[in-house]
Amino acid sequence: MNIIKLKNELKNYFFILSGSLILAIGVVGFLAPNKIATGGTSGLSIVLNYISNIPIGMLLLITNAPLLLISVKYIGKRFAFRTMISIVSLALYIDLFREVFKFPALSDNTLLSTIYGGVCVGLGIGVIFKGDASAGGGAIIARILKDKYNFKPGTVILTLDILIIILSALVFKDLELALWAMLSIFVASKFIDLVVTGRKQNKIVHIASEDLEALKKIIASKMGVSGTLIQGNNLSQSNQRNIIFLSINKNRIMTLKNLVEKHDPEAYMIVLEATELLGSSNAVK
């Protein structure tokens with residue numbers, strides 16, 4: 001059991017160090033040279049570096065250290081320790097690349113830097129999340145405010161990002177750079193989702209029909225798709241109302257819709273995004 005735990009912990013630190021490296025490349029190679037302040041303490045450090053000339057990595061440590069100390073009781077000692085490793089390694093990578101090795105900008109084109117910087121930030125943070133840690137900053141503040149005041153984490157992080165973007169517009173005296181920063185944050189968020197939950201190839205479908213038994217057989221025979229029959233009752237009446245529940249590849253949704261409509265034009269069909277599928281597909285068959 002201890003060996004399994006050790007392997008898992010080593011895997012976590014591999015993800016943390018790899019994610020921090022990818023994130024550092026995004027900051028040093030694309031964002032900082034073009035004054036694009038992406039969200040979180042990385043973006044804040046880019047802005048403060050422009051004002052003070054203090055190295056970005058050092059600013060990352062300064063801004064995150066008090067947050068980590070305050071947050072231990074909210075995020076747990078183990079998660080806080082992993083997050084500390086993430087922040088320290090990110091700070092070291094950034095200052096080594098930028099201050100010691102004088103890592104050149106990978107692009108001076110604002111559009112390319114915005115997109116690829118966002119990709120690196122998103123991939124990096126996503127990989128760090130895979131290591132059961134965070135990149136610090138907004139995620140820590142969001143966790144504290146959620147526990148103390150029941151604020152929604154997404155709202156807190158979005159608010160902090162907006163404040164950093166506004167600050168960057170004021171400091172750099174360039175509204176366009178703030179708009180580029182918004183695009184970079186959007187790109188990063190998409191790639192975080194891609195790493196954490198994977199590509200969303202499947203849809204969840206709920207179908208209500210007066211002739212479910214026949215419809216169930218048609219779907220199984222025509223499409224080779226099985227599902228689960230969920231039993232329920234009509235809200236307005238006490239009669240039984242069953243629903244077919246199934247998971248299907250998004251490329252086959254139109255085929256399913258046409259099949260259902262042809263068999264029962266009055267059928268009620270809901271299509272939902274399957275953010276993440278875990279376990280065996282046999283569980284819904």
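Glycine is no exception: its Cβ is also placed from the backbone N, Cα and C atoms.
Residues or ranges marked as domain 'DUF2179' in TrEMBL: 228-279.
What TrEMBL records for 12-32 (among others) is transmembrane segment.
Sequence-distant contacts of the transmembrane segment (52-72) (same chain, six or more residues past either end, CB-CB distance under 8 Å): 27, 32, 41-42, 44-46, 80, 83-84, 87-88, 90-96, 98-99, 136-137, 140-141, 143-144. If you look up TrEMBL, you'll see 52-72 (among others) marked as transmembrane segment.
Taken from TrEMBL, the feature transmembrane segment covers 79-98 (among others).
The transmembrane segment annotation in TrEMBL covers 110-129 (among others).
For 150-171 (among others), the entry in TrEMBL reads transmembrane segment. Below 8 angstroms of C-beta separation, residues 35, 37, 39-40, 43-44, 46-47, 50-51, 137-139, 141-143, 177-178, 181-182, 185 of the same chain, each at least six residues beyond the ends of the transmembrane segment (150-171), sit close to that stretch.
For the transmembrane segment (177-196), the list of distant contacts is 31, 34-39, 43, 110-111, 114-115, 117-119, 121-123, 125-127, 129-130, 161, 164-166, 168-169: same-chain residues at least six beyond its ends, Cβ to Cβ under 8 Å. TrEMBL lists 177-196 (among others) with the feature transmembrane segment.
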Residue numbers, six or more beyond the limits of the transmembrane segment (110-129), whose CB comes under 8 Å of its CB atoms: 15-16, 18-27, 29-31, 33-34, 36, 38, 42, 86, 135, 176-177, 180-181, 183-196
